[in-house]
Amino acid sequence: MAAAKWLIASLAFASSGLAFTPEDFISAPRRGEAIPDPKGELAVFHVSKYNFDKKDRPSGWNLLNLKNGDISVLTTDSDVSEITWLGDGTKVVYVNGTDSVEGGVGIWISDAKNFGNAYKAGSVNGAFSGLKLAKAGDKINFVGYGQSTTKGDLYNEAAAKEAVSSARIYDGLFVRHWDTYVGTQFNAVFSGSLTKNGDKYSFDGKLKNLVQPVKYAESPYPPFGGSGDYDLSSDGKTVAFMSKAPELPKANLTTSYIFLVPHDGSRVAEPINKRNGPRTPQGIEGASSSPVFSPDGKRIAYLQMATKNYESDRRVIHIAEVGSNKPVQRIASSWDRSPEAVKWSSDGRTLYVTAEDHATGKLFTLPADARDNHKPSVVKHDGSVSSFYFIGSSKSVLISGNSLWSNALYQVATPGRPNRKLFYANEHDPELKGLGPKDIEPLWVDGARTKIHSWIVKPTGFDKNKVYPLAFLIHGGPQGSWGDSWSTRWNPRVWADQGYVVVAPNPTGSTGFGQKLTDDITNDWGGAPYKDLVKIWEHVRDHIKYIDTDNGIAAGASFGGFMVNWIQGQDLGRKFKALVSHDGTFVGSSKIGTDELFFIEHDFNGTFFEARQNYDRWDCSKPELVAKWSTPQLVIHNDFDFRLSVAEGVGLFNVLQEKGIPSRFLNFPDETHWVTKPENSLVWHQQVLGWINKWSGINKSNPKSIKLSDCPIEVIDHEAHSYFDY
């Protein structure tokens, strides 16, 4: 019955254009980055779509015509995990996840214009991905990554011997990271070659581990590292990879290096920017990222932070000469933005970089020899940039992006010219029908110390003469932001279309507004950010007539979850009808149970035992704060969240229950800091939206809104009375 009700609601909303439902949101096609062929005629991208009826997510690969934006199907084979251009016309190399080698993958070669006529070049004896290719004479050299055994072999889970005991024994950190207990395997970059025999290529199955010879090195670095952590020179002879500094404690410091190594592994990899090294700029000890060779292979650009234990420090562009002892050069080092990715133009004279700027991921250009005070130029495009690739040898790039109003924006951007639209998902996908920039607008308010930005997101069919309850959404990080980008988890438009106007603030600590605003949250989690939120809420109450703050709700995840817990004990907590806290800290001293100690040791100005007062300052569980609690609160926490233990959520719920405050605890034993599985995501939305709709009055004003009873999961309740009923 629940499934049928959801289907009917979805059809009703879609046909009348009244709402964007969680089912629409979860089942909308998800498209990956579009990668153009060498001639700049076609681009290939991955696409998947969840089917609620069949409970599966079939996937495949499509081709995008770069002249007219037409899309055609390349393959519907879900086992094809990645495709990359061979560098020869429309020929491609792809990885197939099913192979004759158990636990391995197949390397196949085909032509995008006749994909079914493929042949197998060889097998890799283990999980392997992230292919990058370069011609090297009559061979094609490649690199990719997988997990390494301690001996340096590619790890094959299917072939691994089962341990006689489940014990884990540690003599050092990490014990666990993000969602995984750290084991003996680690990520490594492997190299190999495709050899040409006649008109076909073959692979002999031999891989060289380029990382394992450097003791304690790892690349790509978990949990979010990928193919952007390494690069292959255009002649196929040299590989660059990023690893945390192998000689330093990884849980306490963010310091990482860019290593160079021959493709054949004939020498051990060496760092070009070692801490206090002869080439490294003075005082630069932070995290490195995005290594990329110049087209001629003589230089390498990368990004690096200065501070050794601060993951949200400002990145600066660095350029090093390959095979030289000359000092590394810093480029546009005074630019008050933090680049996220960098690429060279085909002539090696210009750098294209992405960076967050005023809550939008933008594309910029600058000369490769720019001075410190140079300000990069913006390239015009819509939404936020996820990735970009040069189209042939031109100055134009193919951008894959998204926005608050569309989950896929493919467009061509050229410096000094208007962007050219190829494909915008909201104009094609029925699930996204009606979404557009018309319902999004920025809001600037005087905060505690400076002007603070927020996004206002309005529902479908918004009428300025009507009044809508406030949904006050607080982002995580805390060094993060609500950007003009699509979220597959916390999506403001899904909330708005229940009948709210969403206000999504970027308070002190947010990124993309200059490094000072980001840095100012240090040791001030409940200070300036909270004051910013109060001022934004007051501005909305006093100046925006179509927003009803009397029946508003507040919700947040991670740092946003902490802030909701903090708000519960403050005056602002009494201004909301309901609260939602997802994976937020509760007890100040429990932060020591996190995985990345550098994070808390930076944000609280010291270690747990040397600066304990800083950890206790923003403790949501203080008795004097708990005494003020009264607002109904939904608490969400998952078992595989190793950023902060599930015990935080349980403890918070315990106190809410003992105080007799209407509350509910939602737990996913198979989810992490995030909820990503489709059926779990649907339940999450049913519970979260059902909770706020109940207390805000939306259930009464909008009969089509989600109710708690829409969720088919049985509620567990073994208590007849609250503790304080006795």
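Cβ from N, Cα, C; glycine included.
What Swiss-Prot lists as active site, charge relay system is S558 (among others). DSSP assigns S558 (active site, charge relay system) to coil, not to a helix or a strand.
Note on D641 (active site, charge relay system): other Cβ atoms within 10 Å of its Cβ, all shown chains, come to 22. If you look up Swiss-Prot, you'll see D641 (among others) marked as active site, charge relay system.
In the three-state DSSP scheme, H673 (active site, charge relay system) falls into the coil class. The active site, charge relay system annotation in Swiss-Prot covers H673 (among others) and is backed by similarity to another entry.
Taken residue by residue with DSSP, N96 (N-linked glycosylation site) is part of a strand. Taken from Swiss-Prot, the feature N-linked glycosylation site applies to N96 (among others), supported by sequence analysis.
Under the DSSP three-state reduction, N252 (N-linked glycosylation site) is assigned to coil, being neither helix nor strand. Residues or ranges marked as N-linked glycosylation site in Swiss-Prot: N252 (among others).
The N-linked glycosylation site annotation in Swiss-Prot covers N605 (among others). Other C-beta atoms found within 10 angstroms of the C-beta of N605 (N-linked glycosylation site) number 15, with every protein chain shown included.
Summarising the environment of N699 (N-linked glycosylation site), the number of other Cβ atoms within 10 Å of its Cβ, over all protein chains shown, is 20. Per Swiss-Prot, N-linked glycosylation site is recorded for N699 (among others), and the stated evidence type is sequence analysis.
Per Swiss-Prot, region 'Disordered' is recorded for 269-291. Remote same-chain partners of the region 'Disordered' (269-291), defined as residues 6 or more beyond its termini with a Cβ less than 8 Å from a stretch Cβ, comprise 210-211, 213-214, 217, 228-231, 240-242, 245, 248, 254-261, 300-308, 310-311, 313, 315, 318, 320, 325-328, 330, 339-342.
What Swiss-Prot records for 1-19 is signal peptide, and it gives sequence analysis as the kind of evidence.
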Quiz prompt | Inter-residue Cα distance where the pair is S558 (active site, charge relay system) and N605 (N-linked glycosylation site), in Å | solution = 20
Quiz item: If you count Cβ atoms within 10 Å of the Cβ of N96 (N-linked glycosylation site), leaving out that atom itself, what do you get?
Solution: 17
Quiz prompt | Most crowded position, judged by CB atoms within 10 A, among N252, S558 as recorded positions | solution = S558
Quiz prompt | Rounded Cα separation (Å) that holds between H673 (active site, charge relay system) and S558 (active site, charge relay system) | solution = 8
Practice problem: Mind giving me a neighbour count for H673 (active site, charge relay system)? Other Cβ atoms within 10 Å of its Cβ, every protein chain shown. | Solution: 20
Quiz prompt | S558 (active site, charge relay system) to N252 (N-linked glycosylation site) - Cα separation in whole Å | solution = 20
Exercise. Measuring Cα to Cα, tell me the gap between N699 (N-linked glycosylation site) and D641 (active site, charge relay system) in whole angstrom.
Key: 32
